[in-house]
Ligand code: KG4
Ligand code: ZN
């Protein structure tokens, strides 16, 4: 017998995802998004997201099974995002996952959402080399991580953002530029028509003290972009949005890839993995490719569909945990909306009274 089919459930933000993975292979997945319901508010509304998860969860799990040509009885383990994320949204996914695991009599694993982004790349490019450098860039997080065995070892943070995440910077500036939500993809599209050298935006923490060499900060850049837009509005001049978007994207891509490549060189690590929603950005991908090639570093970036939130990436972590013989979560496992990334497994319990599956 091979390893079991792992169902992964993701509901930390506005995407409800289910994916099925066995032995590092994606068997099927399905995704629902409440993004359109948030668009008119300019950002995710937690209550709307949570309610949408309630409606989407069962159809999405069914959809993933249909996509894989499997039945519920084929599921051998359930993995679910237990944090970080929106509290109500996480609760819905965890409740659904517990119900399924209990009904099927299979083990349950709590997964750290960001570990899902890291594991995403294994579904396309196979096991991660040990060690590897991971640049994780999402809407809520920006970190440089030294990763050994993702299922077993503690993840070492070489640097994190002091304030805004890269995706948050894109999203907020896009709003000021009058671009639609979500801002990252809109900036990416608009930037194609612009000149990246049109505005000399700052490169935060690239020339700072050595101890900050792997630390990020994007709120200053966000403010600089907002000021630039305001100066046009105040002067009654039309905003050259494409130039602003291109210059902002260039600044973000420059900072991210410069630090990531420096971290690889300093730690003697030969592989850089760029993951998370912002890894979908065309300029981040292109500049990472160029700089890694120049430095003799192997670059791994998941395909676009695996960069953003979905259930397959959570199933990928569950599959690694199962195969590593990790301890399943107790049935009173709870969510941790602000969990720091330490281990891929995330099993906070409510009152410490494990029911034990
Ligand atoms: O990882 P993700 O799907 O969700 C979080 O866990 O945060 O990342 C979402 C973030 C958003 O900020 C979104 O604007 C950004 O990823 N994003 C992009 C692109 N696609 C998504 N940012 C820049 N360029 C893109 N093409
Ligand atoms: Zn995410």
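Cβ atoms here come from the backbone N, Cα and C positions, even for glycine.
Annotated features in TrEMBL:
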BINDING   113, 117, 309  Fe cation binding site
BINDING   136, 137, 138, 139, 140, 171, 184, 188, 281  substrate binding site
DOMAIN    26-315  domain 'Gcp-like'
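A map of TrEMBL features onto the structure.
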residue: 113; record: Fe cation binding site; CB count, 10 Å: 27
residue: 117; record: Fe cation binding site; CB count, 10 Å: 30
residue: 136; record: substrate binding site; CB count, 10 Å: 27
residue: 138; record: substrate binding site; CB count, 10 Å: 24
residue: 140; record: substrate binding site; CB count, 10 Å: 19
residue: 184; record: substrate binding site; CB count, 10 Å: 28
residue: 281; record: substrate binding site; CB count, 10 Å: 27
residue: 309; record: Fe cation binding site; CB count, 10 Å: 26
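Apart from 113, 117, 309, the Fe cation site neighbourhood in this chain, defined by C-beta within 8 angstroms of the site C-beta centre, holds 10, 12, 81, 114, 116, 120, 138, 276, 313, 314. Closeness to ligand 1 is met by 140, 184, 281, these being the binding-site residues among 136, 140, 184, 281 whose Cβ falls under 6 Å from the molecule. Selection of the binding-site residues 136, 138, 140, 184, 281, 309 by a Cβ distance under 6 Å from ligand 2 yields, in sequence order, 138, 309.
Here the binding residues for substrate are 136, 137, 138, 139, 140, 171, 184, 188, 281. Their largest Cα to Cα distance works out to 18 Å.
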